[in-house]
């Protein structure tokens, strides 16, 4: 599943390519994703101009004139594909956004766990109302993290992945951030020291920023709208490295399951 860095890369690409473009048509080939695509999406968006594109958590948001917002989540396998001319549609091209200059954005999602909805301004605010803090903001710090987690009994990795606490830090970047901070994913979130909260907040920011700079992580499905792959996976310390030696100490990387998710860590470096 694309996480914060991948969605940030996608949103930045789209901001450059489709901001101030007018939507001429929306073609829906499959209305049933994890939730139905907004009824009458074509009528709602035809003639609207994209005024801004931003990210919230793992969602990309296209704000249009008329105070409408296109909310897109890529699910497990979704992609947004940028085309500069008419492009033959593929089996899993569920939604095509056509622009007046004949460019288009295609939402492709083989597993159909994605989301494409249109909301007004008030609905957009309510949709994201219970989301946690954005980890790349100035507010996100050791002090903030300590206050946020001081009473949380859950293990620290699960806490980092709780969207109501912190948005966008999925399985990959939680594992990598904890390794960089040298903190075991098994530790209760409330039991870290202040210095550990401070270190972890910094390493979450560093890991996410490094991944964005690398274009995200391409493991299976993810690609940028241009078709280019990300390459942050080449810099992984622990994720997907089970039974391989740790890059720091040569200890063998361990794989466990936490809340149904794979967790990779070095039990020598992380404590």
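Yeah, the Cβs are placed from backbone N, Cα and C, and that goes for glycine too.
Here's what Swiss-Prot has on this protein:
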ACT_SITE  2  active site, schiff-base intermediate with DNA
ACT_SITE  3  active site, proton donor
ACT_SITE  58  active site, proton donor
BINDING   92, 111, 152  DNA binding site
ZN_FING   237-271  zinc finger
ACT_SITE  261  active site, proton donor
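A strand conformation is recorded for residue 261 (active site, proton donor) in the three-state DSSP classification.
Residue 58 (active site, proton donor) has its Cα within 10 Å of the Cα of these recorded positions: 2, 3, taken from 2, 3, 111, 261. Comparing residue 152 (DNA binding site) with residue 3 (active site, proton donor), their Cα atoms are 23 Å apart once rounded. Taking only the Cα positions, the spacing between the residue listed as 'active site, schiff-base intermediate with DNA' and residue 111 (DNA binding site) is 13 angstrom.
Within the set of recorded positions 3, 92, 111, the entry lying nearest in space to residue 261 (active site, proton donor) is 3 (CA atoms). In this record, DNA is bound by 92, 111, 152; the longest C-alpha to C-alpha distance in that set is 41 Å. Counting residue by residue with DSSP, the zinc finger (237-271) contains 0 helix, 12 strand, 23 coil. Taking the Cα atom of each, residue 92 (DNA binding site) and residue 3 (active site, proton donor) are about 21 angstrom apart. It is 17 Å from the Cα atom of residue 111 (DNA binding site) to that of residue 3 (active site, proton donor). In sequence order, 58, 168, 169, 170, 171, 172, 173, 217 are the residues of the chain that are 6 or more apart from residue 3 (active site, proton donor) and have a CB within less than 8 Å of its CB.
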